[in-house]
Amino acid sequence: MSNDSAIGIHDLSFATTEFVLPHTELAEHNGTEIGKYHVGIGQRSMSVPAADEDIVTMAAAAAAPLIARHGADLIRTVVLATESSIDQAKAAGVYVHSLLGLPSATRVVELKQACYGATAALQFAIGLVRRDPAQRVLVIASDVSKYELDSPGEATQGAAAVAMLVGADPALVRIEEPSGLFTADVMDFWRPNYREAALVDGQESIAAYLQAVEGSWKDYGEQGGRPLEEFAALCYHQPFTKMAYKAHRHLLNYCGYDPDKDAVERAIGRTTSYNTVIGNSYTASVYLGLASVLDQADDLTGRPVGFLSYGSGSVAEFFAGTVVPGYREHLRTAAHNEAVDRRRPLGYAEYRELHERSFPTDGGDHPTPSQTTGPFRLAGLSGHKRIYEKR
Ligand code: HMG
(Lines of atoms letter the chains of each structure in order from A and count residues from 1; the text may use other names and numbers.)
(Lines give C-alpha, C1' and ligand atoms only; values in the text may rest on other atoms or scores of the structure.)
Protein backbone atom coordinates (compact mmCIF):
# COMPACT_ATOMS: atom_id res chain seq x y z
CA MET A 1 0.00 0.00 0.00
CA SER A 2 1.63 3.25 -1.01
CA ASN A 3 0.59 6.24 1.05
CA ASP A 4 2.98 8.62 -0.66
CA SER A 5 0.37 9.68 -3.20
CA ALA A 6 -2.09 11.20 -0.64
CA ILE A 7 -4.81 11.69 -3.22
CA GLY A 8 -8.43 11.07 -2.46
CA ILE A 9 -11.80 12.47 -1.51
CA HIS A 10 -11.50 16.04 -0.29
CA ASP A 11 -15.21 16.70 0.14
CA LEU A 12 -18.44 14.76 -0.38
CA SER A 13 -22.04 15.89 -0.63
CA PHE A 14 -25.21 14.10 -1.68
CA ALA A 15 -28.67 15.02 -2.84
CA THR A 16 -31.78 12.98 -3.37
CA THR A 17 -35.32 13.54 -4.59
CA GLU A 18 -38.37 15.63 -3.68
CA PHE A 19 -40.53 12.60 -2.89
CA VAL A 20 -40.31 9.38 -0.91
CA LEU A 21 -42.43 6.23 -1.03
CA PRO A 22 -42.47 4.33 2.27
CA HIS A 23 -42.35 0.56 1.78
CA THR A 24 -45.48 0.31 3.94
CA GLU A 25 -47.41 1.98 1.04
CA LEU A 26 -46.02 -0.49 -1.51
CA ALA A 27 -46.70 -3.45 0.81
CA GLU A 28 -50.28 -2.32 1.30
CA HIS A 29 -50.77 -2.14 -2.46
CA ASN A 30 -49.26 -5.53 -3.34
CA GLY A 31 -50.14 -7.47 -0.18
CA THR A 32 -46.52 -8.17 0.76
CA GLU A 33 -45.77 -8.92 4.42
CA ILE A 34 -43.81 -5.78 5.47
CA GLY A 35 -41.12 -7.93 7.12
CA LYS A 36 -39.95 -8.95 3.65
CA TYR A 37 -39.07 -5.33 2.90
CA HIS A 38 -37.94 -4.13 6.32
CA VAL A 39 -35.99 -7.28 7.27
CA GLY A 40 -35.73 -9.49 4.14
CA ILE A 41 -34.19 -6.85 1.87
CA GLY A 42 -33.47 -4.21 4.54
CA GLN A 43 -35.35 -1.32 2.93
CA ARG A 44 -37.75 1.15 4.57
CA SER A 45 -38.46 3.71 1.85
CA MET A 46 -37.38 4.74 -1.63
CA SER A 47 -36.59 8.15 -3.11
CA VAL A 48 -38.84 9.04 -6.05
CA PRO A 49 -38.01 11.92 -8.42
CA ALA A 50 -40.60 14.62 -9.07
CA ALA A 51 -41.72 15.17 -12.67
CA ASP A 52 -39.21 18.05 -12.89
CA GLU A 53 -36.22 16.17 -11.42
CA ASP A 54 -33.69 13.89 -13.10
CA ILE A 55 -30.03 12.88 -12.87
CA VAL A 56 -28.95 16.41 -13.89
CA THR A 57 -30.95 18.27 -11.23
CA MET A 58 -29.80 15.81 -8.54
CA ALA A 59 -26.18 16.00 -9.70
CA ALA A 60 -26.20 19.81 -9.65
CA ALA A 61 -27.86 19.85 -6.22
CA ALA A 62 -25.21 17.43 -4.87
CA ALA A 63 -22.28 19.37 -6.34
CA ALA A 64 -23.42 22.95 -5.60
CA PRO A 65 -22.36 22.83 -1.90
CA LEU A 66 -18.85 21.69 -2.98
CA ILE A 67 -18.51 24.68 -5.29
CA ALA A 68 -19.90 26.99 -2.59
CA ARG A 69 -17.26 25.80 -0.12
CA HIS A 70 -14.19 25.45 -2.36
CA GLY A 71 -14.88 27.57 -5.44
CA ALA A 72 -14.39 26.21 -8.97
CA ASP A 73 -10.91 27.59 -9.74
CA LEU A 74 -9.01 24.32 -9.36
CA ILE A 75 -11.59 22.13 -11.12
CA ARG A 76 -10.55 21.36 -14.69
CA THR A 77 -12.42 18.07 -15.12
CA VAL A 78 -15.97 16.95 -14.36
CA VAL A 79 -16.77 13.25 -14.67
CA LEU A 80 -20.41 12.25 -14.24
CA ALA A 81 -21.09 8.54 -13.89
CA THR A 82 -24.60 7.31 -14.57
CA GLU A 83 -26.55 4.43 -16.02
CA SER A 84 -29.75 6.49 -16.29
CA SER A 85 -28.37 8.65 -19.03
CA ILE A 86 -30.67 11.27 -20.59
CA ASP A 87 -28.93 11.52 -23.98
CA GLN A 88 -26.93 9.12 -26.14
CA ALA A 89 -24.49 11.83 -27.30
CA LYS A 90 -24.31 14.82 -24.95
CA ALA A 91 -22.82 14.22 -21.50
CA ALA A 92 -25.24 15.03 -18.65
CA GLY A 93 -22.30 16.72 -16.93
CA VAL A 94 -22.37 19.52 -19.52
CA TYR A 95 -25.80 20.60 -18.23
CA VAL A 96 -24.47 20.36 -14.67
CA HIS A 97 -21.41 22.42 -15.64
CA SER A 98 -23.77 25.08 -16.95
CA LEU A 99 -26.13 25.04 -13.95
CA LEU A 100 -23.15 25.41 -11.60
CA GLY A 101 -21.54 28.18 -13.67
CA LEU A 102 -18.21 26.35 -13.96
CA PRO A 103 -15.43 27.89 -16.09
CA SER A 104 -15.34 27.09 -19.82
CA ALA A 105 -11.77 25.79 -19.40
CA THR A 106 -13.12 22.45 -18.14
CA ARG A 107 -13.29 18.97 -19.67
CA VAL A 108 -16.61 17.19 -19.06
CA VAL A 109 -17.39 13.58 -19.79
CA GLU A 110 -19.89 10.84 -18.87
CA LEU A 111 -18.97 7.31 -17.80
CA LYS A 112 -21.06 4.14 -17.75
CA GLN A 113 -20.72 0.61 -16.46
CA ALA A 114 -23.89 -0.03 -14.46
CA CYS A 115 -23.40 0.69 -10.76
CA TYR A 116 -19.61 0.51 -11.03
CA GLY A 117 -19.21 3.72 -13.16
CA ALA A 118 -18.49 6.13 -10.30
CA THR A 119 -15.59 4.01 -9.09
CA ALA A 120 -14.00 4.15 -12.54
CA ALA A 121 -14.58 7.94 -12.39
CA LEU A 122 -12.88 8.14 -9.00
CA GLN A 123 -9.88 6.09 -10.14
CA PHE A 124 -9.51 8.09 -13.37
CA ALA A 125 -9.74 11.31 -11.33
CA ILE A 126 -6.90 10.10 -9.10
CA GLY A 127 -4.81 9.52 -12.23
CA LEU A 128 -5.47 13.10 -13.41
CA VAL A 129 -4.56 14.54 -10.01
CA ARG A 130 -1.39 12.45 -9.90
CA ARG A 131 -0.42 14.05 -13.22
CA ASP A 132 -1.09 17.55 -11.89
CA PRO A 133 -1.57 17.67 -8.09
CA ALA A 134 -2.69 21.32 -8.29
CA GLN A 135 -5.92 20.29 -10.04
CA ARG A 136 -9.12 18.94 -8.58
CA VAL A 137 -11.64 16.72 -10.31
CA LEU A 138 -15.37 16.88 -9.67
CA VAL A 139 -16.71 13.32 -9.70
CA ILE A 140 -20.48 12.93 -9.63
CA ALA A 141 -22.52 9.74 -9.44
CA SER A 142 -26.18 10.31 -10.27
CA ASP A 143 -28.87 7.73 -10.95
CA VAL A 144 -32.55 6.94 -10.91
CA SER A 145 -33.24 3.23 -10.44
CA LYS A 146 -36.43 2.14 -12.15
CA TYR A 147 -37.93 -1.34 -12.49
CA GLU A 148 -41.29 -2.47 -13.89
CA LEU A 149 -44.30 -1.85 -11.63
CA ASP A 150 -45.27 -4.96 -9.68
CA SER A 151 -41.96 -6.71 -10.46
CA PRO A 152 -39.68 -8.12 -7.71
CA GLY A 153 -37.16 -5.33 -8.40
CA GLU A 154 -39.74 -2.57 -7.74
CA ALA A 155 -39.10 -2.58 -3.98
CA THR A 156 -35.39 -1.86 -4.61
CA GLN A 157 -35.87 1.37 -6.60
CA GLY A 158 -34.35 4.65 -5.45
CA ALA A 159 -32.52 7.76 -6.66
CA ALA A 160 -29.66 9.98 -5.49
CA ALA A 161 -26.52 11.79 -6.54
CA VAL A 162 -23.19 11.90 -4.72
CA ALA A 163 -20.64 14.58 -5.63
CA MET A 164 -17.00 14.17 -4.62
CA LEU A 165 -14.15 16.59 -4.97
CA VAL A 166 -11.02 14.57 -5.70
CA GLY A 167 -7.65 16.13 -5.03
CA ALA A 168 -4.21 15.95 -3.43
CA ASP A 169 -4.00 16.20 0.35
CA PRO A 170 -7.64 15.24 0.80
CA ALA A 171 -9.57 16.26 3.92
CA LEU A 172 -11.75 13.13 4.15
CA VAL A 173 -10.35 9.88 2.71
CA ARG A 174 -7.00 9.00 1.12
CA ILE A 175 -7.56 6.40 -1.59
CA GLU A 176 -4.90 3.69 -1.54
CA GLU A 177 -3.35 1.39 -4.04
CA PRO A 178 -3.74 -1.39 -4.98
CA SER A 179 -7.15 -2.17 -6.41
CA GLY A 180 -8.55 -5.65 -6.92
CA LEU A 181 -10.30 -5.93 -10.28
CA PHE A 182 -12.84 -8.33 -11.76
CA THR A 183 -14.81 -8.44 -15.03
CA ALA A 184 -17.15 -11.19 -16.27
CA ASP A 185 -19.58 -11.09 -19.20
CA VAL A 186 -22.91 -11.93 -17.50
CA MET A 187 -26.51 -10.91 -18.25
CA ASP A 188 -27.71 -10.41 -14.70
CA PHE A 189 -29.14 -6.90 -15.14
CA TRP A 190 -29.23 -4.67 -18.21
CA ARG A 191 -31.28 -1.92 -19.87
CA PRO A 192 -31.46 -1.81 -23.68
CA ASN A 193 -31.52 1.72 -25.15
CA TYR A 194 -35.23 1.48 -25.95
CA ARG A 195 -36.31 0.73 -22.37
CA GLU A 196 -36.79 3.01 -19.35
CA ALA A 197 -36.96 0.19 -16.81
CA ALA A 198 -34.12 -2.25 -16.27
CA LEU A 199 -34.38 -5.98 -16.98
CA VAL A 200 -33.02 -8.24 -14.30
CA ASP A 201 -32.64 -11.86 -13.30
CA GLY A 202 -32.77 -11.30 -9.53
CA GLN A 203 -31.18 -14.53 -8.27
CA GLU A 204 -28.59 -14.55 -11.09
CA SER A 205 -27.69 -10.95 -10.19
CA ILE A 206 -27.09 -11.88 -6.54
CA ALA A 207 -24.91 -14.85 -7.59
CA ALA A 208 -22.98 -12.65 -10.07
CA TYR A 209 -22.42 -10.02 -7.37
CA LEU A 210 -21.05 -12.63 -4.94
CA GLN A 211 -18.79 -14.08 -7.64
CA ALA A 212 -17.45 -10.57 -8.28
CA VAL A 213 -16.80 -10.04 -4.54
CA GLU A 214 -14.67 -13.17 -4.55
CA GLY A 215 -12.89 -12.29 -7.79
CA SER A 216 -12.04 -8.70 -6.89
CA TRP A 217 -10.96 -9.65 -3.36
CA LYS A 218 -8.72 -12.43 -4.74
CA ASP A 219 -7.03 -9.96 -7.08
CA TYR A 220 -6.75 -7.37 -4.28
CA GLY A 221 -4.83 -9.93 -2.21
CA GLU A 222 -2.60 -10.89 -5.13
CA GLN A 223 -1.79 -7.22 -5.70
CA GLY A 224 -0.61 -6.90 -2.07
CA GLY A 225 -3.75 -5.48 -0.44
CA ARG A 226 -4.54 -5.30 3.28
CA PRO A 227 -5.79 -8.32 5.23
CA LEU A 228 -9.54 -8.26 5.90
CA GLU A 229 -9.21 -7.84 9.66
CA GLU A 230 -7.62 -4.38 9.27
CA PHE A 231 -10.79 -2.74 7.95
CA ALA A 232 -12.88 -0.62 10.32
CA ALA A 233 -15.86 -0.84 7.95
CA LEU A 234 -16.70 -2.09 4.46
CA CYS A 235 -18.73 -0.01 2.02
CA TYR A 236 -20.37 -2.41 -0.41
CA HIS A 237 -22.55 -1.46 -3.34
CA GLN A 238 -26.06 -1.63 -1.83
CA PRO A 239 -28.84 -2.44 -4.32
CA PHE A 240 -30.71 -3.18 -1.08
CA THR A 241 -28.95 -3.05 2.25
CA LYS A 242 -29.26 -6.79 2.96
CA MET A 243 -27.03 -7.36 -0.08
CA ALA A 244 -24.09 -5.79 1.79
CA TYR A 245 -24.64 -8.27 4.64
CA LYS A 246 -24.85 -11.21 2.20
CA ALA A 247 -21.68 -10.02 0.45
CA HIS A 248 -19.71 -9.60 3.65
CA ARG A 249 -20.76 -13.00 5.01
CA HIS A 250 -19.68 -14.46 1.67
CA LEU A 251 -16.29 -12.73 1.88
CA LEU A 252 -15.73 -13.87 5.48
CA ASN A 253 -16.52 -17.46 4.47
CA TYR A 254 -14.22 -17.19 1.45
CA CYS A 255 -11.41 -15.95 3.69
CA GLY A 256 -12.00 -18.82 6.12
CA TYR A 257 -13.52 -16.72 8.93
CA ASP A 258 -16.69 -17.48 10.86
CA PRO A 259 -19.33 -15.01 9.56
CA ASP A 260 -20.21 -14.12 13.13
CA LYS A 261 -23.33 -11.87 13.37
CA ASP A 262 -21.62 -9.23 15.52
CA ALA A 263 -18.54 -9.06 13.28
CA VAL A 264 -20.75 -8.59 10.22
CA GLU A 265 -22.80 -5.90 11.98
CA ARG A 266 -19.61 -4.07 13.05
CA ALA A 267 -18.30 -3.99 9.47
CA ILE A 268 -21.57 -3.16 7.69
CA GLY A 269 -24.09 -1.66 10.14
CA ARG A 270 -22.92 1.94 9.95
CA THR A 271 -22.76 1.97 6.14
CA THR A 272 -26.47 1.41 5.53
CA SER A 273 -28.29 4.33 7.17
CA TYR A 274 -28.80 6.37 3.97
CA ASN A 275 -29.29 3.48 1.55
CA THR A 276 -32.03 1.91 3.67
CA VAL A 277 -34.23 5.01 3.26
CA ILE A 278 -33.10 6.11 -0.24
CA GLY A 279 -33.10 2.76 -2.09
CA ASN A 280 -30.81 1.71 -4.90
CA SER A 281 -29.06 4.77 -6.29
CA TYR A 282 -26.91 2.61 -8.60
CA THR A 283 -23.54 4.41 -9.14
CA ALA A 284 -24.07 6.57 -6.06
CA SER A 285 -24.89 3.72 -3.69
CA VAL A 286 -21.40 2.67 -2.57
CA TYR A 287 -20.51 6.33 -1.88
CA LEU A 288 -23.74 6.83 0.10
CA GLY A 289 -22.33 3.94 2.15
CA LEU A 290 -19.19 6.00 2.70
CA ALA A 291 -21.22 9.11 3.60
CA SER A 292 -23.17 7.02 6.09
CA VAL A 293 -20.13 5.57 7.86
CA LEU A 294 -18.33 8.94 7.99
CA ASP A 295 -21.42 10.71 9.31
CA GLN A 296 -21.78 8.24 12.20
CA ALA A 297 -20.57 9.29 15.63
CA ASP A 298 -17.53 7.07 16.22
CA ASP A 299 -14.12 8.36 15.26
CA LEU A 300 -12.54 6.67 12.23
CA THR A 301 -9.37 8.76 12.17
CA GLY A 302 -6.51 6.83 10.58
CA ARG A 303 -8.67 3.74 10.04
CA PRO A 304 -8.87 1.93 6.70
CA VAL A 305 -12.29 1.52 5.08
CA GLY A 306 -12.83 -1.04 2.31
CA PHE A 307 -14.91 -0.41 -0.82
CA LEU A 308 -16.53 -3.06 -2.96
CA SER A 309 -17.98 -1.47 -6.05
CA TYR A 310 -20.11 -3.77 -8.23
CA GLY A 311 -21.80 -3.00 -11.52
CA SER A 312 -23.92 -5.63 -13.24
CA GLY A 313 -22.79 -7.00 -16.49
CA SER A 314 -20.28 -7.15 -14.68
CA VAL A 315 -17.31 -5.19 -13.35
CA ALA A 316 -16.16 -4.98 -9.74
CA GLU A 317 -13.33 -3.30 -7.86
CA PHE A 318 -12.15 -3.73 -4.27
CA PHE A 319 -10.00 -0.95 -2.88
CA ALA A 320 -9.22 0.79 0.40
CA GLY A 321 -9.21 4.31 1.73
CA THR A 322 -7.78 5.71 4.96
CA VAL A 323 -9.80 8.25 6.90
CA VAL A 324 -7.83 11.48 7.35
CA PRO A 325 -7.27 13.16 10.77
CA GLY A 326 -9.63 16.12 11.23
CA TYR A 327 -12.18 14.69 8.75
CA ARG A 328 -15.11 15.36 11.04
CA GLU A 329 -14.77 19.12 10.65
CA HIS A 330 -15.53 18.73 6.94
CA LEU A 331 -18.56 16.47 7.11
CA ARG A 332 -22.00 17.56 5.95
CA THR A 333 -24.03 15.39 8.30
CA ALA A 334 -26.76 17.98 8.98
CA ALA A 335 -27.24 18.72 5.26
CA HIS A 336 -27.34 14.99 4.47
CA ASN A 337 -29.98 14.35 7.12
CA GLU A 338 -31.94 17.33 5.79
CA ALA A 339 -31.78 15.92 2.21
CA VAL A 340 -33.38 12.71 3.50
CA ASP A 341 -35.85 14.30 5.92
CA ARG A 342 -37.16 17.01 3.58
CA ARG A 343 -38.63 14.48 1.12
CA ARG A 344 -42.41 14.57 0.92
CA PRO A 345 -44.18 11.18 1.31
CA LEU A 346 -46.21 9.94 -1.64
CA GLY A 347 -49.31 7.79 -1.60
CA TYR A 348 -49.24 4.71 -3.85
CA ALA A 349 -51.43 6.29 -6.59
CA GLU A 350 -49.20 9.42 -6.83
CA TYR A 351 -46.10 7.22 -7.01
CA ARG A 352 -47.64 5.12 -9.78
CA GLU A 353 -48.51 8.21 -11.80
CA LEU A 354 -44.91 9.48 -11.56
CA HIS A 355 -43.56 6.03 -12.45
CA GLU A 356 -45.68 5.86 -15.60
CA ARG A 357 -44.81 9.39 -16.72
CA SER A 358 -42.59 9.86 -19.76
CA PHE A 359 -42.02 12.69 -22.25
CA PRO A 360 -43.75 12.56 -25.63
CA THR A 361 -41.23 12.03 -28.44
CA ASP A 362 -42.84 14.42 -30.97
CA GLY A 363 -40.38 17.31 -30.55
CA GLY A 364 -43.13 19.64 -29.27
CA ASP A 365 -43.15 21.92 -26.22
CA HIS A 366 -43.72 19.88 -23.08
CA PRO A 367 -43.37 21.89 -19.86
CA THR A 368 -43.14 19.82 -16.68
CA PRO A 369 -45.40 20.46 -13.69
CA SER A 370 -43.64 22.47 -11.02
CA GLN A 371 -43.16 19.95 -8.22
CA THR A 372 -39.63 20.11 -6.87
CA THR A 373 -38.64 22.60 -4.21
CA GLY A 374 -34.94 21.87 -4.85
CA PRO A 375 -32.41 24.36 -6.24
CA PHE A 376 -32.57 23.08 -9.85
CA ARG A 377 -35.42 21.83 -12.01
CA LEU A 378 -36.08 20.28 -15.38
CA ALA A 379 -38.52 22.85 -16.77
CA GLY A 380 -39.51 20.76 -19.78
CA LEU A 381 -38.67 19.44 -23.19
CA SER A 382 -38.85 21.64 -26.28
CA GLY A 383 -37.68 20.76 -29.79
CA HIS A 384 -36.20 17.56 -28.30
CA LYS A 385 -34.06 19.71 -25.95
CA ARG A 386 -34.15 19.43 -22.19
CA ILE A 387 -34.60 22.83 -20.53
CA TYR A 388 -33.14 23.25 -17.04
CA GLU A 389 -33.65 26.09 -14.56
CA LYS A 390 -31.77 27.27 -11.54
CA ARG A 391 -33.91 28.70 -8.76
P1 HMG B 1 -37.91 -11.53 -4.37
O2 HMG B 1 -37.95 -12.77 -5.18
O3 HMG B 1 -39.14 -10.69 -4.36
O4 HMG B 1 -37.57 -11.79 -2.86
O5 HMG B 1 -36.72 -10.64 -4.92
P6 HMG B 1 -37.11 -13.14 -2.12
O7 HMG B 1 -38.24 -14.10 -2.13
O8 HMG B 1 -35.76 -13.58 -2.62
O9 HMG B 1 -37.00 -12.53 -0.64
C10 HMG B 1 -36.02 -11.59 -0.33
C11 HMG B 1 -35.55 -11.88 1.10
O12 HMG B 1 -36.62 -11.56 2.00
C13 HMG B 1 -35.21 -13.35 1.36
O14 HMG B 1 -34.11 -13.35 2.24
C15 HMG B 1 -36.45 -13.87 2.08
O16 HMG B 1 -36.21 -14.99 2.91
C17 HMG B 1 -36.82 -12.65 2.91
P18 HMG B 1 -32.75 -14.14 1.85
O19 HMG B 1 -33.13 -15.53 1.63
O20 HMG B 1 -32.25 -13.48 0.58
O21 HMG B 1 -31.86 -13.88 3.01
N22 HMG B 1 -38.22 -12.61 3.34
C23 HMG B 1 -38.62 -12.20 4.57
N24 HMG B 1 -37.90 -11.77 5.63
C25 HMG B 1 -38.60 -11.40 6.75
N26 HMG B 1 -39.96 -11.43 6.83
C27 HMG B 1 -40.70 -11.85 5.78
C28 HMG B 1 -40.02 -12.26 4.58
N29 HMG B 1 -40.44 -12.72 3.38
C30 HMG B 1 -39.32 -12.92 2.62
N31 HMG B 1 -42.03 -11.87 5.87
C32 HMG B 1 -34.64 -9.58 -5.33
C33 HMG B 1 -35.57 -10.17 -4.27
C34 HMG B 1 -33.45 -8.93 -4.68
C35 HMG B 1 -34.17 -10.71 -6.27
C36 HMG B 1 -35.46 -8.53 -6.15
O37 HMG B 1 -35.78 -7.45 -5.33
C38 HMG B 1 -34.74 -8.02 -7.37
O39 HMG B 1 -34.82 -8.59 -8.46
N40 HMG B 1 -34.00 -6.86 -7.22
C41 HMG B 1 -33.28 -6.24 -8.31
C42 HMG B 1 -31.93 -6.90 -8.57
C43 HMG B 1 -30.94 -6.68 -7.47
O44 HMG B 1 -31.04 -5.77 -6.67
N45 HMG B 1 -29.88 -7.51 -7.45
C46 HMG B 1 -28.83 -7.38 -6.48
C47 HMG B 1 -27.46 -7.82 -7.02
S48 HMG B 1 -27.07 -7.08 -8.62
C49 HMG B 1 -26.59 -5.45 -8.25
O50 HMG B 1 -26.35 -5.13 -7.13
C51 HMG B 1 -26.49 -4.52 -9.39
C52 HMG B 1 -27.63 -3.53 -9.55
O53 HMG B 1 -27.54 -2.52 -8.56
C54 HMG B 1 -27.62 -2.93 -10.95
C55 HMG B 1 -26.34 -2.27 -11.46
O56 HMG B 1 -25.23 -2.71 -11.24
O57 HMG B 1 -26.52 -1.32 -12.22
C58 HMG B 1 -28.98 -4.19 -9.38
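Heads up, the Cβ atoms here are built off N, Cα and C, so glycines get one too.
Automatic prediction, not curation, is the source of TrEMBL annotations.
Features reported for this protein in TrEMBL:
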ACT_SITE  Glu83  active site, proton donor/acceptor
ACT_SITE  Cys115  active site, acyl-thioester intermediate
ACT_SITE  His237  active site, proton donor/acceptor
BINDING   Tyr147, Lys246, Asn280  (3S)-3-hydroxy-3-methylglutaryl-CoA binding site
DOMAIN    7-169  domain 'Hydroxymethylglutaryl-coenzyme A synthase N-terminal'
DOMAIN    179-252  domain 'Hydroxymethylglutaryl-coenzyme A synthase C-terminal'
DOMAIN    262-326  domain 'Hydroxymethylglutaryl-coenzyme A synthase C-terminal'
REGION    357-378  region 'Disordered'
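Features as recorded by TrEMBL, highlighted on the structure.
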residue: Glu83; record: active site, proton donor/acceptor; contacts (Cβ under 8 Å, 6+ apart): Lys112, Gln113, Ala114, Cys115, Gly117, Asp143, Arg191, Tyr282, Thr283, Gly311
residue: Tyr147; record: (3S)-3-hydroxy-3-methylglutaryl-CoA binding site; contacts (Cβ under 8 Å, 6+ apart): Gly153, Glu154, Thr156, Gln157, Ala197, Ala198, Val200
residue: His237; record: active site, proton donor/acceptor; contacts (Cβ under 8 Å, 6+ apart): Cys115, Tyr116, Tyr209, Met243, Ala244, Ser285, Val286, Gly289, Leu308, Ser309, Tyr310, Gly311
residue: Lys246; record: (3S)-3-hydroxy-3-methylglutaryl-CoA binding site; contacts (Cβ under 8 Å, 6+ apart): Ile206, Leu210
residue: Asn280; record: (3S)-3-hydroxy-3-methylglutaryl-CoA binding site; contacts (Cβ under 8 Å, 6+ apart): Cys115, Ser145, Thr156, Gln157, Gly158, Gln238, Pro239, Phe240
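Confidence in the domain 'Hydroxymethylglutaryl-coenzyme A synthase C-terminal' (179-252), given as mean pLDDT, stands at 97. Reduced to three states, the DSSP call for His237 (active site, proton donor/acceptor) is coil. Under the DSSP three-state reduction, Cys115 (active site, acyl-thioester intermediate) is assigned to strand.
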